[in-house]
Amino acid sequence: LWKSKKILSTFFLLNLAAIRRRSKTPGVMITQYAAILPEGKSTPDFQCKPMPVTVKEGNLAIFKAVVTGDPKPDVSWRRAKGNLADKEKFQKKYDESTGEHILEIHKVSAEEADTYKCYAVNECGKAVCTTTLSIIDGDLKYPRCVSVVEMFGAVVEHFRKLLKKSNSDIQCKAQTAGGDNDETFWDAMMNADKRDYESICSEYGVADLNTILKKLEEKRNQKGKNKQKYFNNLTPTTTQCSVFYPNPVSCFKVLMRPINISCASSLMQDVIISYDNDAKKQDIQSLGKKNYLRNEGTVQHDTGIYIGDVEEANRHNRHLTLIFSNVDFVIKIQEIKAEESDDALFECVLTHPLPKITWMRKGVLLEDGEKCNITVSDNRLIHRLLIKDCTKLDKGIYSAVAGIISCSAWLVVEDQRNPTGDAKKAIRKTAKAAGVQADLEKVAKEQQIKIQGEMEKILKAVKEKYSEAEKLKGEILTRGDDCSGSDKRNKTQRKNTKDGTVTTSEDNGCITQDDPGVQFIWGLSDVDAIIHESAELMCKLSREDREGVWFRDGKQIYPDDNVSITMNGPIHKLVIMKCSEDNSGKYRFEADGRKTEAMLSIRDPPRFDPEDLSAFTRPLAVKVGHNVIYKLQFIGHKPIKVQWYKDGDELKDDNSTMIERSASHTRLLLSRCQRRDTGEIKIKIKNDHGFTEAVSQLVVLVSDKPSPPLGPAEVTESSALCIEFKWRPPKDDGGSPVTNYILERQQVGRNTWKKMGEIPGVPIYRDTDVDRGRKYCYRIWAVTSEGMSEVMETDEMQAGKFAFPGPPAPPKVVSAFNDCINISWSSPSSTGGSRLLGYILEKRKQGSNLWTCVNAPDEIIKEKKYAVKDVVEGMEYEFRVCAVNLSGAGEFSSASEFVFARDPKMRPRFTNNKMKSFMVVRAGNSVRITVNFEASPWPEITWLKDNVPVMKRVTISNSDGSSQLLIPTSERLDSGIYSVLVKNIVGQETFSTEVRVTDDPKPPGPVELEESVPGTVTVIWQPSPDEKRDDRLHYTVSKLESTKHTWTTVADRLFNNRFTVCNIMQGREYHFRVYAKNDMGVSAPSESPIWGMEKKKEKMVITEPSRKDCDLRCAPSFIVPLKPQTATVGYECYMSCAVKGDPAARITWYRNHVSINTDTNYYVSNTCGVCSLLILRVGPKDVGEYKVVADNSLGRAECSTVLSVRG
């Protein structure tokens, strides 16, 4: 008994343990209520968590989240500093199509700027994530999308307005010299410490220190006012700009000059916003008096507000804001229907180039891998997503997100249309969007040209404005006397900035020069490393051939067993294998006079001993009155603060709790545990470097009797034969599960109770020993291994009276055959107050008064349909049905209509859609034609050949639903059209198949060559012996020149016995071959005699001919006329003729007196007087008279022929 208790206690413990774990989605915490989840169940989780939102005051803010879990989680929203009670302002929605839970905040104000939490809860656990809402002040008037031209225009206009004042300031500055009037004296005073004031005054010969201190305070105030006025006048630089650069390195510079030149050393002069793919993701660095904001791989996630403080130490609250405008889709992704195992390709085109966009499926981010292939075109405008080897699980909504805009489309995965069981794997196809597909490359090229044109216009305007600004700058510098003359105190200094840029500048701010030497593409970054783990520092130079030196706190570092220094091209890397506190400090890398620095901080956060942590996290079960001790050891930077919690409340020392703390371990003692101590025990340790925590579950077991079962009892069924009811188990089972229930029953009106016995520990009971109409009460006890609970008494329950169901509707005949009639019916409108057990079906013959039961008496029909097979063919029947419930059988329905037991009449219909309408058979092989059909009654089947009954040697086989024609050994005479006629009393149906019995053709007869026109050869051959027996036989002509070594086909599908070959060169030998072709194959070639011969070189004798004028002009005339043509439907037709004339005649072809020279269905050519016409595909419409007309300035000639087309 003690062992069984222990097993049950352990089971109970495992199911009470709460486990906290992190989700795969960053920022989501999951709490699992039970250590072991039921099969098929899962805790809630966020597929897509709500993202932080920044909106302008008065606008709409939207949070969206997608959750998963089984059972389906309930989603709720909360906020940290308030509630969401205002339903008009806070609206919660759910989008069933996308599965998104949405929180909309209307007309946001500063009060709604808060941290919001989203909870997803089901019976297995809960998931929580947080997000924030930031509000932009509605009074801030962000300008419209200001172009670079407008921005420079504002700066230039600013210089014009302040030109005179700046000039006067420069002149005043030039007049100061010596003592307290020296500008260098005041620069030294403003930048020095208070302790150095006396020494500076002594150096410059100033005696009145109190007066100097007052003036110094006034100058500082004036300097602050000048800065404020400077930024106020540069308000247009808070700019919303659109920057789209497909190149790897591009730079956007905003020039801002201070009003007072004397303040140039303390105010920001240049702000450069650069886009560099080789740089870090986002980095701000200083190059002299220039500030750089670098953003690597700008994609849609970088869309937002970028704010840079242009005054050091945030002394002035003025910012430069850059807002990347959003791209849009020229062509969006479209819905795709793909078969299983195929690939699916989504494609879209953007308005501006982006190196990367986000692809999502049902809110889940997709990455490039084995399943998904994400590609981008070279111009970065076309983005593609390829889903490989589609399955049913890939079905869903896919989204392409670029900035704040997106487009979505469905992927529908269908079953394979032609599944095959062959071992050879079928070729995988790629499915694209249905409908008319635009040429993406063409659209992207047009968009790229458009962007390039816009950028050229902007750069041209910027160049003009910038030239004007430089001109004004030169005028300002020319008017100041500080920039010229030998009596000026100019001091030039050369310094190395943090990231290596060498700057040469004058103290008066007149000259600035940058050295284009080696620079840092990106410098070192501060690193936080954990003690005893590795750390890495890395930077990149602009050149690959420059080495560098590493320093820590000013001392050079050399590689050893713990330090590794590597150089991989322009990338320099320092790796510390095992960090210690001695490794922390300032690290510097120098190369060619450039340097970059970063801090390495070694952290030592608190950490538990792994074995103690594993033992602590396991749930702990104790009995009432026993003590519990938790002990854990830890390490970390001292001091370490230790805190213990129970159910979220911190534990303090008291009578039942004692906490022991030391430098390396802690212990918690809980004395005399009670049932109320069951809950979560958590320990948290913290030091200056971080914190960690662990959670355990404490269960206090109580060996006690259970509490009474919970009521009230619920009646689930009440009839004249039984009462069925259920209740709830005890709220407290005393630490042991319920094994049995004990029941007693009392009939209302009597004083005695009847024992009903014990039932298993399932809270439901069915009492079948009842009298109809009587009322009963029940008493129930719960039984565990510790004893029996108090009694629970139910309310009165009444057994039902006999109430029979009503009649169903008359049965309907679904179908009737010779041996079966199918009947169906509907449920009765009244069930009699209890569930229906089934139905009884009866039948009656026409003219009889006797109804017979169709189903067996002890087997009622469960469904509302039945197939009556006990029928006689040709007899007429009617049917009726009644319903049966717990009280018995009800009233029969009305009779159905009479129906005959015979097959229905059906017109013949062919069922095989893959029957061939044409087949070619080699002579000697068998011919087999099979047709499948449906017909009722049985039809008469007749086979015909060319509308004549087939010969006796043809075998006909008929079976149930099919018929077959078989010719064991075929001959050429068996060619023809075979038809099958299926006919019955309802109708008839015919199907025809053309059979062509043939063999490899015999070669053509002898081949002869003629020359009718110079430069041409007419090939003439005798027909093949098979030409008369095969009307589909045609010829092919091939040619071999003496200068080549391969045969080339010069004509194909010729249905006559001659062909004229053009472009015959004198002095070359030609060979010709003629082949006969049919549906079965190609014959052996027939060779022609050799045509032409090589010219022998003879001695050239030049004789001067006598001069005689001769007129060679002549009217056109046909040397070779057109000949009558007969062509077959679907094949080519070629006709030609030869014409002469000087000057060359213009050739025009006519069909039925209509010109066809420009008709694309005909190919017309005229080569050296040989005029030809090719009809690509002959059809019935091509029948008619064809005429060719040749005319020149001396006359006109015509030639015509008639084209006949045969089927």
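Counting begins at 1 with the first residue displayed.
Just so you know, glycine gets a Cβ as well, placed from its N, Cα and C.
Per TrEMBL, coiled coil is recorded for 206-233.
Sequence annotations record features per position, and here TrEMBL assigns compositional bias 'Basic and acidic residues' to 481-490.
Summarising the annotation, TrEMBL assigns compositional bias 'Polar residues' to 499-510.
Feature annotation from TrEMBL assigns domain 'Ig-like' to 26-134 (among others).
According to TrEMBL, the feature domain 'Ig-like' maps to 516-601 (among others).
Residues annotated as domain 'Fibronectin type-III' in TrEMBL: 708-802 (among others).
What TrEMBL records for 807-904 (among others) is domain 'Fibronectin type-III'. Mean predicted confidence for the domain 'Fibronectin type-III' (807-904): the pLDDT average there is 89.
What TrEMBL records for 908-998 (among others) is domain 'Ig-like'.
The annotation domain 'Fibronectin type-III' is assigned in TrEMBL to 1003-1097 (among others). Summarised by DSSP class, the composition of the domain 'Fibronectin type-III' (1003-1097) is 0 helix, 40 strand, 55 coil.
According to TrEMBL, the feature domain 'Ig-like' maps to 1116-1204 (among others). Residue counts of the domain 'Ig-like' (1116-1204) by helix, strand and coil are 3 helix, 58 strand, 28 coil (DSSP-based).
Residues or ranges marked as region 'Disordered' by TrEMBL: 481-510.
Marked as signal peptide by TrEMBL: 1-23.
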**OP:** Please list, for the domain 'Fibronectin type-III' (708-802), how many residues fall into helix, strand and coil according to DSSP.
**Re:** 0 helix, 50 strand, 45 coil
Subject >> Composition by DSSP (helix, strand, coil) of residues within the domain 'Ig-like' (908-998) >> reply: 3 helix, 56 strand, 32 coil
